[in-house]
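The feature Mg(2+) binding site is assigned by Swiss-Prot to T84, D86, E99, Q118. Taken from Swiss-Prot, the feature region 'Disordered' covers 1-27. Swiss-Prot lists K101 with the feature site 'Transition state stabilizer', giving a curator's inference as the kind of evidence.
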Amino acid sequence: MALKYPSGKEYRGNKPNAARRPAADYANRGMTLEDDLNATNEYYRERGIAVIHKKPTPVQIVRVDYPKRSAAVITEAYFRQASTTDYNGVYRGKYIDFEAKETKNKTAFPLKNFHAHQIRHMEQVVAHGGICFAILRFSLLNETYLLDASHLIAWWNKQEAGGRKSIPKQEIERHGHSIPLGYQPRIDYISVVDNVYFTR
């Protein structure tokens, strides 16, 4: 039975448009985790718990268009040097350095999310007695882990020798430490750092 408006025009109903899939945007892959960590670090700083900051990425600006002073647009820039890890700072008198990554994979963490220079930097931090780790999030499972750099480095070296290109989730569960999500702070990784690095 066809439905009609009082004017006699036929009612066609609301046909939903085909769901358009947004183009893949890899620039903000870790943005949710990054936002959570930035809020957590601000919480730690405000309460005098720890001083941890996100490292800025060193960029060399080459060309800027000035159509008008208030609308300057950077048209060409490049990274000055390879960035190391995402975050560093100090907690309880110890240097802390870590990388934060997330994946939509449910069964393993792809090592392609890391770069060789980041792994070498982690090796140097560990060699000098710093606390170094990765915070890994399985975004579809809403699970976040702290994995000590030694385990990440070992898996990286296996990959370099022709081994597996990802860390199985079971290995992260076995050697990593679950970080519960909360409200204040959002990702209380410092409580995990206390348990892993300060209760030996």
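A Cβ is built for glycine as well, from the same backbone N, Cα and C atoms used for every other residue.
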* To do: Taking the recorded Mg(2+) site as T84, D86, E99, Q118, identify the other residues of that chain whose CB atom sits within 8 Å of the mean position of the site's CB atoms, giving them in sequence order.
  => K55, S83, T85, Y87, D97, F98, F114, H121, M122
* For Q118 (Mg(2+) binding site), just count the other CB atoms lying within 10 A of its CB, please. => 20
* Structure fact -> Mapped onto three states, the DSSP assignment of Q118 (Mg(2+) binding site) reads helix
* To do: State the count of C-beta atoms found within 10 angstroms of the C-beta of T84 (Mg(2+) binding site), not counting that atom itself.
  => 17
